[in-house]
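**Student:** Pasting a structure below so you can have a look.
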Amino acid sequence: SPHQSNVTSYGATALAIITLEVFAGLWINAFIVCVLCIGWVKKKTLNSNEKILFLLGCSRFCSLCISWAYSFLTFIYPNYLYVHTTLQLTVFFQTFFSHCNLWISACLCGFYCIKIANFRNRFFIYLKVKIDRMVPWLLLGAGILALAIGIIAYNIADKPHCNNHNSTRQGNFGVANIKMDKHFFPSFFLAGFGYAASFMAVIFAAVFLLFSLWKHKCKMQTNSMKDLSMDAHIRAMKSTLYFLVMYSINFVCLVLEMVYVTMKGSYMTFLIVVFQYTFPGLHSLILIFSNPKLEKTLLKILPLERNVKCKVC
């Protein structure tokens, strides 16, 4: 019966862990969105950095919600997931918000690079002057690209044939028993392309920032005064490098997920998915502590600042 739940101890444990990770990620990204919304209402505008962070927080919030709903249906009510169009729509929204997350993150790294790095190249100077006007178009392009990939993923998900009973009993996230025909591998290629392209953008941004920091440091070696430009370089570099490290691990997880899905290694797949659920919340937390406004607001909310003040008194 489609109304009957099919819960195993493995599924219940997996869902509990995923729920905790999703709750943390939702709280962190909701915090970013709420703080920026309050600032938007007060100032009647958002700067380019805040626009990117706002959309990144929204896309990650929606991505976590859709991913949790997919996991819930997979483990608790798997028969509902395989009702016609339910799986396809789930795959569409998951792919759309996931790629929005990837491309907006890449836009953020590129923005840091162009805004903070110092190069005398004419094209780079032109980008630095025009970057604030370009940001809305870059975000629109990221959304359109994610939408196109989501539509392709919807069509791909409509073609494979699923064995509902075997896949849900083994707890392989609803994909382990998909028939491995010629229609299944394009989804891997599509996901790999999205990850690899945005990953390359992040790598280029990190390399340019590092090179700019090195050049700036050479110029400032004889100056003992604290330099604001150097501080901005270091903050942006830390945020980009943290993202690069997590993105690298996430990319490896994607490749491993492809391998273990085809090999039906459910427990290894679970460990991989656990990290993938951790990524949106952890990177957003790093972005909060890289942004003075968000960090100050977070410390006001948490009891940490109050405890420090009490100790000082």
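Backbone N, Cα and C atoms are what each Cβ position is placed from, and that goes for glycine too.
Pulled the feature table from TrEMBL, pasting it below:
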| type | residues | note |
| --- | --- | --- |
| TRANSMEM | 12-41 | transmembrane segment |
| TRANSMEM | 53-76 | transmembrane segment |
| TRANSMEM | 96-114 | transmembrane segment |
| TRANSMEM | 135-157 | transmembrane segment |
| TRANSMEM | 188-211 | transmembrane segment |
| TRANSMEM | 240-261 | transmembrane segment |
| TRANSMEM | 267-290 | transmembrane segment |
**Student:** Grab the same-chain neighbours of the transmembrane segment (135-157) for me: Cβ-Cβ under 8 Å, and only residues 6 or more beyond its ends, written as numbers and ranges.
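**Tutor:** For the transmembrane segment (135-157), the nonlocal Cβ contacts are 48, 51-52, 55, 87-89, 91-93, 95-100, 103-104, 106-107, 110-111, 183-184, 186-187, 190, 194.
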**Student:** Residues sitting near the transmembrane segment (240-261): Cβ under 8 Å, six or more positions beyond its termini, same chain?
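**Tutor:** Sequence-distant neighbours of the transmembrane segment (240-261): 105, 109, 112-113, 172-173, 175-176, 188, 191-192, 195-196, 199, 202-203, 205-206, 209, 268-269, 272-273, 275-276, 279, 282-283, 286.
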